[in-house]
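Below is one structure, written out as structure tokens, with a few remarks after it.
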Amino acid sequence: MKATILASTFAAGALAQSGAWGQCGGNGWSGATSCISGYACNYVNDWYSQCQPGTAAPTTTAAATTLVTSTKTAPPASTTTATASGKFKWFGVNEAGGEFGDGIFPGRWGTEFTFPDTNTIQTLRSQGYNIFRVGFAMERLVPNTLTSSFDNGYLTNLTQVVNSVTNSGAYIVLDPHNYGRYYGKIITDTDAFKTFWQNVAAKFASNSKVIFDTNNEYNTMDQTLVLNLNQAAIDGIRAAGATSQYIFVEGNQWTGAWSWNVTNTNLAALTDPENKIVYEMHQYLDSDSSGTSTACVSSEIGVQRIVGATAWLRANGKKGVLGEFAGGANSVCKAAVTGLLEHLKANTDVWEGALWWAAGPWWGDYMYSFEPPSGTGYTYYNSLLKTYTP
């Protein structure tokens, strides 16, 4: 998820015209402020103006930070079947812990790994957050092989979290946080992967608030294999009779949003008889998109890294969700996060929502921790993020 090429592209094109659905204005925006022919720069909010279909002629003279205030127009029927509502279906938080102790299997509950605190989840729930992505390790759930029986203790603990979240009316995303691997080796047996998902889905088939995430951040894998693993998961889930649930599919190269439209184009071929596929992407705002630094590249980087994914979703008639995002507790990152979320909000015809990375009881002073009441991310960002809840 390196950002070098992207950064140079935007630097070179800073004075060029913005493309279809691209950003063209907003507080702190230093990129293009005019649009290609057939599109007009329309004010969405103080942070974001967007090139939307219109008849305004292109112009090459505009101040770099000018906010354009013309009337917003709807996307054409040829590219989308619905206009953006400006309201997310889901907005929430990742919950980490069940996947901790990587490489130590099975590990001990309370020593190598833990499960989310349902009390702090309810604290977030009371503020409007309505989706929680809960990580777990496949090696702990099925210790012997992908097709083997469940570890009952681990499944029981996971199920307790599922029931607590969904009984509150929120959605829970079951996230095998395995990077397309099992015991460190790339999963290549698609039949076994299908069976794994058929077995998992059978346990939650009657709970429509459960969302199945095929696997966290496939990376450095054959692209066709990533397609086939996702399709096998979909097929297994539906074969279990789990027909009411959404399925989040992830892409190669850490499912990065900024490179999605050049890396994961083949995933448009995924099929689901229930038509409930949502494309999950992740995006961080530091120099290499890794989410390992408190520093963000710029106040505009959030939008810059997501526009290509937005265009891909719309062009292919797909729905997306930003399954992980975060930024450091500083003003530059806050502006970048705000711009990112405003872009998603302006494009809710294709973006269903977003989830912050991450809450969880063991984060301590982790730079992005969203664990109430004192997590660094929670204390700095909660007042902003909760304004985006449905």
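Placement of Cβ uses the backbone N, Cα and C atoms for every residue, glycine included.
Among the features that Swiss-Prot reports, domain 'CBM1' is placed at 17-52.
Annotated N-linked glycosylation site per Swiss-Prot: ASN157 (among others), in sequence order, evidence recorded as sequence analysis. When secondary structure is read from DSSP and collapsed to three states, ASN157 (N-linked glycosylation site) falls in the helix class.
Around the Cβ of ASN261 (N-linked glycosylation site), a 10 Å sphere holds 17 further Cβ atoms from the protein chains shown. Mapped onto three states, the DSSP output places ASN261 (N-linked glycosylation site) in helix. The feature N-linked glycosylation site is assigned by Swiss-Prot to ASN261 (among others), with sequence analysis given as support.
Marked as signal peptide by Swiss-Prot: 1-16.
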Distance check, please: Cα of ASN261 (N-linked glycosylation site) against Cα of ASN157 (N-linked glycosylation site), rounded to an integer number of angstrom.
38
Just jot down the residues in the same chain as ASN157 (N-linked glycosylation site), at least 6 apart in sequence, with C-beta under 8 A of its C-beta; none if empty.
GLY98, TRP109, PHE115
If you average the pLDDT over the domain 'CBM1' (17-52), what number do you get?
70
